[in-house]
């Protein structure tokens, strides 16, 4: 039909055309297929149930939800690393650059966050996990618009560097559920890698996105910039809170335990001293 004005997203996609042209319907095909995939994973994990090593007091929904989040982090974290390695040129223009490999990661990941939000609503967990709910709203609003308009895909690739860290973040929690001791080498190794990747993959990517908002904000519509600003403020706040909680648990708690373990104790007969060193 002729005579119709093109919509805003089409205008933006045509204005910012660098790299390979991508078709929007491919993005939506991946989006809806991925929602179905995560729902099928949900059914499979529900049928299998909690592993025997998981503490008996762990809510089956909590295990299932975290395990599927871990799968998403493993897939998207690996995908994101491949984007960084195979297509480093996307950093030359984070707004305009596009190709199918990096583009399809965005609807795939958006689908997971939509699935997870629906899962929390159905299981009445949305209010108990308010930080996660805010995170999902912020992510879905920006990711969906970007893959629909086919712009700022490079910025989404930077944002999804967080999933590299999420793999270790979720591994850490799964180990706790499986009663792996805090003092084991496995848990300590995962917790330290988690903190390092938190700084490298979350904090640096958020900082780069904030810089891009300052440097390239004029290249996007005002309404988009306002929504992006609100979303990034939410994301930055959540990351700061999460990092502090992790630091308290895995660093400060460990140091407190070491200090307590190194205190001199006197035995019951009060005739000998023992220095307990972990």
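Backbone N, Cα and C define each Cβ position, glycine as well.
Nobody curates TrEMBL annotations by hand; they come from automatic prediction.
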The annotated transmembrane segment range in TrEMBL, which must be one of 134-152, 153-171, 172-190: 153-171
Tally Cβ pairs under 8 Å between the transmembrane segment (25-45) and each listed stretch (66-88, 100-118, 153-171, 223-247), then give the stretch with the top tally. 100-118
Count the CB pairs under 8 A between the transmembrane segment (66-88) and each of 100-118, 192-211, 223-247, then give me the winner. 100-118
